Amino acid sequence: MEQNSRALIDGFNRKIDYLRMSVTDRCDFRCVYCMAEDMQFLPRQQILSLEELFQVAERFVALGTRKIRLTGGEPLVRQGIVDLCGRIAALPGLRELCLTSNGSQLGRLAQPLFDAGVTRLNISLDSLDADRFKQLTRTGDLAQVIAGIDAARQAGFKRTKLNCVVLKGRNDHELVDLVRFAIERELDITFIEEMPLGVISEHERGESFCSSDEVRARLAEQFTLVESTESSMGPARYWRLAEAANTRVGFISPHSHNFCATCNRVRLTVEGRLLLCLGNEHSVDLKHVLRAHPGNPERLEKAIRDSLHLKPYRHHFEVGGDVQILRFMNMTGG
């Protein structure tokens, strides 16, 4: 394996080479598992500027980061996002620049993003029923999202992945249809267990929880699943479909099969806090460092390195228990 003498290694000897960066807390959807319907967003002066986001990305890549994922909120509602993507994609040593989107803006931005150097897209799709999609997203238009998915394919994106958060009693009866949709378009699809982030009112998390094992068992009734050793440098575990060579089915299972032992990532919130673990509040304020010491990459690098001693071995998510993390997913970076 390629080694970088400046690589980031945490206290449990895990190499940190994957950074997830939230570029905005704003979104044109209000998904029931992600944020409150009347969400109050941060004032502009409290969030990182595009230049500050780039400076953090640049420093992480210099320290051995090989994959960066831009998230939100919805990253494509941030003005200047395409130019930011182009600057980050050009950083020497970065292998992948990925972006997670709800798909609503891809009809107009898929081609510019591809041309800017974004290598892969993840697109959220929790239902193929227009009414249910509207219920789950509160404001989303299914036809617009599907048009965005198709625009991404036409732009030239490969290995585009659909993300589906599975909620028992709300969309779990659509699992097979969602896989068939992915097969038709030669997409990957990942089913995600809901994470206990933020206080929500639309459903009781303990009652809506659907484990990855249950999802996989249902899919196995319709498809031949072959376990794969492939990795996307993230937490998903993949299965191949004997019936469809161009589609992989993944599972992200923070509850039933936590992936902490091999965790290789940290997250930057839009307000500049470096989160060492999705399931803990341990963080370091990089915005303060950036603004107190402008143009000083050495101070930023020291803050990043010093933060690693805060990274815990694992999270302690519990199904149906009290909400352990009060921040919403749109604040964390979905």
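Keep in mind that glycine also has a Cβ here, set from the backbone N, Cα and C atoms.
Annotated features, as they stand in Swiss-Prot:
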DOMAIN    11-236  domain 'Radical SAM core'
BINDING   ARG20, ARG69, THR100, LYS161, ARG265, VAL266, ARG267  GTP binding site
BINDING   CYS27, CYS31, CYS34  [4Fe-4S] cluster 1 binding site
BINDING   TYR33, GLY73, SER124, MET195  S-adenosyl-L-methionine binding site
BINDING   CYS260, CYS263, CYS277  [4Fe-4S] cluster 2 binding site
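Spatially, by CA atoms, the binding-site residues CYS31, TYR33, CYS34, SER124 include one closest to ARG267 (GTP binding site), and that is CYS34.
The average pLDDT for the domain 'Radical SAM core' (11-236) in the predicted structure is 93.
Note: the Cα of ARG69 (GTP binding site) and the Cα of MET195 (S-adenosyl-L-methionine binding site) are spaced 19 Å from each other. Using VAL266 (GTP binding site) as the reference Cα, a 10 A cut-off selects CYS277 from the binding-site residues CYS27, CYS31, TYR33, GLY73, CYS260, CYS277.
Nearest Cα neighbour of CYS260 ([4Fe-4S] cluster 2 binding site) among the listed binding-site residues (ARG20, CYS31, GLY73, SER124, LYS161): ARG20.
In sequence order, SER124 are the binding-site residues from CYS31, CYS34, SER124 with a C-alpha within 10 Å of the C-alpha of LYS161 (GTP binding site). Binding-site extent for S-adenosyl-L-methionine: residues TYR33, GLY73, SER124, MET195, maximum pairwise Cα distance 16 Å (rounded to the nearest whole number). Here the binding-site residues are CYS260, CYS263, VAL266, and the one ringed by the most other CB atoms within 10 angstroms is VAL266. Proximity note: of the listed binding-site residues (ARG20, CYS27, CYS34, THR100, CYS263, CYS277), THR100 have a CA within 10 Å of the CA of SER124 (S-adenosyl-L-methionine binding site), given in sequence order. The shortest Cα-Cα distance between CYS263 ([4Fe-4S] cluster 2 binding site) and any of the binding-site residues ARG20, CYS27, CYS34 is the one to ARG20. Nearest in space to MET195 (S-adenosyl-L-methionine binding site), taking C-alpha to C-alpha distance over the binding-site residues ARG20, CYS31, CYS34, ARG265, CYS277, is CYS34. Secondary structure from DSSP puts ARG267 (GTP binding site) in a beta strand. Listed binding-site residues: CYS27, CYS31; maximum Cβ neighbour count within 10 Å falls on CYS27. You'll find the Cα of TYR33 (S-adenosyl-L-methionine binding site) roughly 13 Å from the Cα of CYS27 ([4Fe-4S] cluster 1 binding site). For CYS34 ([4Fe-4S] cluster 1 binding site) paired with GLY73 (S-adenosyl-L-methionine binding site), the C-alpha to C-alpha distance reads 9 Å.
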